[in-house]
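Visitor: Pasting in a structure now, in structure tokens, and then I'll have a few things to ask.
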Amino acid sequence: GQDMVSILQLVQNLMHGEEEEEASQSYRLQNVGEQGHMALLGHSLAAYISVLDRERLRKLTTRILSDTTLWLCRLFRYENGSAYYHEDDREGLVKICRLVIHTRYEDYTLEGFNVLYTKQPVIYISSAARTGLGQALCNQLGLPLSCMCRVPCNTMFGSQHQMDVALLDRVIKDDVESGKLPLLLVANAGTPGAGHTDKLGRLKELCEQYKMWLHVEGVNLATLALGYVSSSVLAATKCDSMTLTLGSWLGLPAVPAVTLYRHEDPSLSLAAGLTSSQPVEKLRALPLWLSLQYLGHDGIVERIKHASQLSQRLLENLKNLDFIKTSVEDELSSPVVVFKFFQEYSNRDQTSHAAQASTIQHPIISNERHIYDTFNQWLGEQLAQLVPASGVDVVELEDEGTCVRFSPLMTSAVLGTEIQDIDQLVDCLKMKIPVLTSTLQLREEFEQEVRRTVGLLYIEDLGWPGLGVVRYSYHCDGKNDDKQEKELEKINTELLKKLNELESDLTFSLGPEFGGQKNCVYIGMVAEDLDVSELVETIAATGREIEENSRLLENMTEVVRKGIQEAQLQLQKANEERLLEEGLLRQIPVVGSVLNWFSPFQASSKGRTFNLTAGSLESTESMYVSKAQGTGTTPPPTPTSSLAKQRLPGQKAFKRSLRSSDGFSETSSISHCDDLDKMDQRPPNLCPGQEQGPLEMEKAEEQKEVAQAKIDTEDMHSDKSPPDCTKVEDQASQR
């Protein structure tokens, strides 16, 4: 065994993990206030209380359970209700389904699945419900998936996130006629995606007609604690059961979810597992019992009201923004705000676009929606990164596509979101909208420019949030596929490196980590002053430069190899000629030395030098004569980009001039000002080292006055007013 100190040290190391994770952990823990510590204290107190004697434990747990249930029923306007506390928020619905099965099938306790087989139960859920909810219910209840019926949402009238009541009525009638038993209906008071509320009043009437159980869940149930409640949400108080997730609404860690229900037979509730005879099970309510007392009624209402005010503040600001489309159920009181970037079609005929929109899965419409989904995905990620305290996230909706969602009831209490965070979120959104609009407008122009440019290949990637994707196509000369692929990868990698070295506001990358194209250059978001033609021409010119340098290096390697072979052959031939000139006797060791002493042999030094520029071997005789190495011919210039656009100091690359009409006059004025500065430094007729006399000074002043008059004349021309030439000449003559 180990001592307590070492065990606690191990727990501490496991909690904090690596050093780079400490920042995120501390950010998460710093928002656990005193009310959070009260909830955490409830778990440890429950463990201590469980060791009390049985009678004292029974009295204490009964008091805690009854108090918490009473407070919640009064707080959320649910009269005469019972409560079931559970860790998994779906567990309460599973217990309710078992309760309904026990209620509707009287012999279920004795015969079990045989009763269900003779009359199959049907559970109805909305198509806008949580993903996997129906399958989870069937798995827990032991029912086949055929017992689950997904009801579509409205398509013609009403919200597209609300359950179609008329269609549900027809489906229930068909099920009754086929011998099935409608059992339970799961409705939403705030769908998981858009936060819309079903027509709970009509659904309750339908359930009473067919003797069905109505269960409601959703984030909008939190507004039942406010003084003003919309009629659509207020109808949830008449339902048979509802599930509340107080932990996220109030920012309480590790508190259980609560399912409130109404039922008269306690034996069936005990059989379904909604109540327990074990006192320890009732201690699940202890964290909530402590937290509710700490916050009080006013504190709970204030937190929920603050979240509603945050959503209203954001909604009011979004109404004043162009290219932002909101999707809310009620503009006066909507706890969830869903918005997306959307630009109207200005370059197309509205009539033709409407005709295209009526066609199912039209390729143009499908591509445009995919592009908007990509852009909104990028927008949501950027906003969440820039303003993490806002708690915005990205949600996929069936009709609207990808949207940005702000649900303060689920995030504000935990993250501590304030009004200034919403203002900062709107400011960031205002900064991103021009970037999105300009990028969307320039995508088509970029595609056309790339397709017209030789050597570039446009890659269509609808999932890339940016200007586009381009690849430099390598001109292969009979090379195999593997070598061509390596050359292509090498050129595009070097091209990406060269583009990132340029002083520009653009981002060039290799694309996403997963799912992207290989050997491509991905261009990110751009501004409206981007010169697309210059960008495409620069990419093509840089690619050609890299390709030519690569070919030059390959050719030089081949020339050097051939030159070395030729030099070896010539040196071998020179050695053979030297042997013939010296004779056979000079090659004998002793005889050759004596012969060289009596008759020295003067051998000419014939070396070889390799000219890399010409790619040829040359003799070194000229080097020995002149005692210096020859320079040879001038090497050819290194191929560079032919694009050399003149830019002002500090101006970044790929910027298009927005005031081209004023460019000439400003440039002329700058050039004349430079001339004046040069005149101030030295007169044109004054030689270096010569002092400036009175006559030269007078001439210099006269030339300066004429140049200044010339600038004034051009300025008057730029202002479209006739110049006063007489005044200029008089000034010059007087001088």
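Quick reminder: no glycine exception, Cβ is built from N, Cα and C everywhere.
Because the structure is a prediction, the values reported are computed rather than measured.
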Visitor: Looking at 305-332, 333-360, 473-500, 557-584, which one is coiled coil according to TrEMBL?
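Guide: The range carrying the coiled coil annotation in TrEMBL is 557-584.
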Visitor: I'd like the per-state residue tally for the domain 'PDXDC1-like third' (446-551) from DSSP, helix first, then strand, then coil.
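Guide: So the domain 'PDXDC1-like third' (446-551) is made up of 48 helix, 15 strand, 43 coil.
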Visitor: Please compute the mean pLDDT of the model over the domain 'PDXDC1/PDXD2 second' (334-440).
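Guide: The average pLDDT of the model in the domain 'PDXDC1/PDXD2 second' (334-440) works out to 83.
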